[in-house]
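Enquirer: When I checked TrEMBL for this same protein, it listed these features:
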type     : residues : note
ACT_SITE : D24      : active site
ACT_SITE : D242     : active site
DOMAIN   : 6-361    : domain 'Peptidase A1'
Amino acid sequence: MDFRLYFTKVHLGNPPREFYVQIDTGSDVLWVSCSSCNGCPETSGLQIQLDFFDPRSSSTASLISCSDQRCSLGVQSSDAICSSQNNQCAYTFSYGDGSGTSGYYVSDFLHFDVILRGSVTTNSSAPIVFGCSTSQTGDLTKSDRAVDGIFGFGQQDMSVISQLSSQGVAPKVFSHCLRGDDAGGGLLVFGEILEPNIVYSPLVPSQPHYNLNLQSIAVNGQILPIDPAVFATSSNQGTIIDSGTTLAYLAEEAYNPFVSAITYAVSQSLHPVLPKGNLCYLITSSVTDIFPQVSLNFAGGASMILRPQDYLLQQNSIGNSAVWCIGFQKVQGRGITILGDLVLKDKIFVYDLAGQRIGWANYDCSMSVNIQATMSAERSEYVNAGQLSDSSSVQNEPYKELVMSVIAFLMHISLAFLFL
């Protein structure tokens, strides 16, 4: 199946060096591979040049000790551990796909462009704490999809968005719009994208991830017979928004009626096939002409409308027929429902951490957008290698030039066609 990876560029250290990092709203910390890394790929099948951060080569880098107050931020969010042997603030992360990384925290400068009123650009930077990876396991070691690291956009204190917000450099809100077509690209914004059709749903409080209260699912306007308790948030269930997940996952008690409803809706014109367990269809026309609209209904009255392309994946072709498969994967029992890039693409998403809510709207992510943020009176926008925020009082002016520069930094690539 079409495996997509969204990544951007960041510039770290002095002199600044460029690193490609995956965008991940399901984790908190920015980390990059370091010169002493064991198991880190040295080449990438994504046609990008990998690099290794070396604290000794940056004039402004410093190691974070266990006694440093910034280390305690990671400890409080379970993102840091202390080594009694060398007094280094270290970390170990495990991801949902079984991969993992460990290393130590360093402090250095993140470089970005500040856009003043009148579109005048000047260079700037801010100190941040990020991870220096010394070991990687699992899929992180594979060269075919290798990047330099992961940019965690979670809401814990060690995340970059929280660090910059606490310094008054950026607002505590960010947005993204991921293009789903083969051209790739999109927007990653430190600030709020303004779009009149955005609907908001409150975040479930006191959760480590971006949990929303999914209340029901409708197919062709018909609510499916799913017990709402299936989506209730607890330590091992709930609904998470995660850009670091490629597909989407539904708890078994929701997945079965969902697939049954899709199958019934197209039963007059299509019959499913089952390659390696996936429910697929041979289609000679447009999927939008055949498959139904799906609505995910959340607390606060916010609904997320899914087109067929938001829950189906095109695999390949057989003769004159395209093979389209159900892209949602089944999670056994009442597990965690994860809405990954399959669902998130071709939509504006706004993560309002100050207001503790997430908003979204269907959108053509190749188009320009309006951006609002609250910062100093002199600064109009904040751009960081594909991240942008703006405090201009002019809310209806599209920032076409800035959008184009952002698109150049936020990219996706189709890595492989796999059957899961």
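Note that Cβ sites are derived from N, Cα and C of the backbone, with glycine treated the same way.
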Enquirer: Under 8 Å between C-beta atoms and at least six apart in sequence, can you list the same-chain neighbours of D242 (active site), or say none if there are none?
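Expert: Set apart from D242 (active site) by at least 6 residues yet with Cβ under 8 Å, we have D24, T25, G26, H209, Y210, I338, L339, G340.
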Enquirer: Around the Cβ of D24 (active site), how many other Cβ atoms lie within 10 Å? Please give the count over every shown protein chain.
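Expert: The answer is 22.
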Enquirer: Can you give the mean pLDDT for the domain 'Peptidase A1' (6-361), rounded to a whole number?
Expert: 90
